[in-house]
């Protein structure tokens, strides 16, 4: 997956980002404790020679905090983008690379988005995740990549989506299935 939610190999051993984050937090804790000790010693023992070391550690703490917050914010933006790209159900391959907390955040985000969409457009709501790009036409030709079963169109008719079958369907009804890899848009 190219979204940066992948695991990385380091010396033949798989390490995920959670381990790296944990190491940074442990380093920050050690730096903080060293600074607290040196500050107390500088105050009580009059050791002004410790001040540059304390300032250096403090700058390291601030830098680590900035980097950690930037990393976490970037992860959240990528996870939020997954909701718009894949819909409310993520493929297992993506979920595998997310922590429990990230999955919890994703689920909260998708519920908040669903609540917002239900509040738009009257009784039925409005799905703002459809038509991410302005459509050239309202109907598109699609090919079914997997056996899906019956698919109901707005006018009440049902279409049987079988592997390798082709259909001319409303674009907005197909976009979610295209993103999930069930259908593909046939370009003429």
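Note that Cβ sites are derived from N, Cα and C of the backbone, with glycine treated the same way.
Automatic prediction, not curation, is the source of TrEMBL annotations.
Here's what TrEMBL has on this protein:
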type: DOMAIN; residues: 36-120; note: domain 'GINS subunit'
type: DOMAIN; residues: 136-187; note: domain 'DNA replication complex GINS protein PSF1 C-terminal'
I'm checking region-level scores; what's the whole-number mean pLDDT for the domain 'GINS subunit' (36-120)?
91
DSSP helix/strand/coil residue counts for the domain 'DNA replication complex GINS protein PSF1 C-terminal' (136-187):
9 helix, 22 strand, 21 coil
May I have the DSSP-based helix, strand and coil counts for the residues of the domain 'GINS subunit' (36-120)?
73 helix, 0 strand, 12 coil
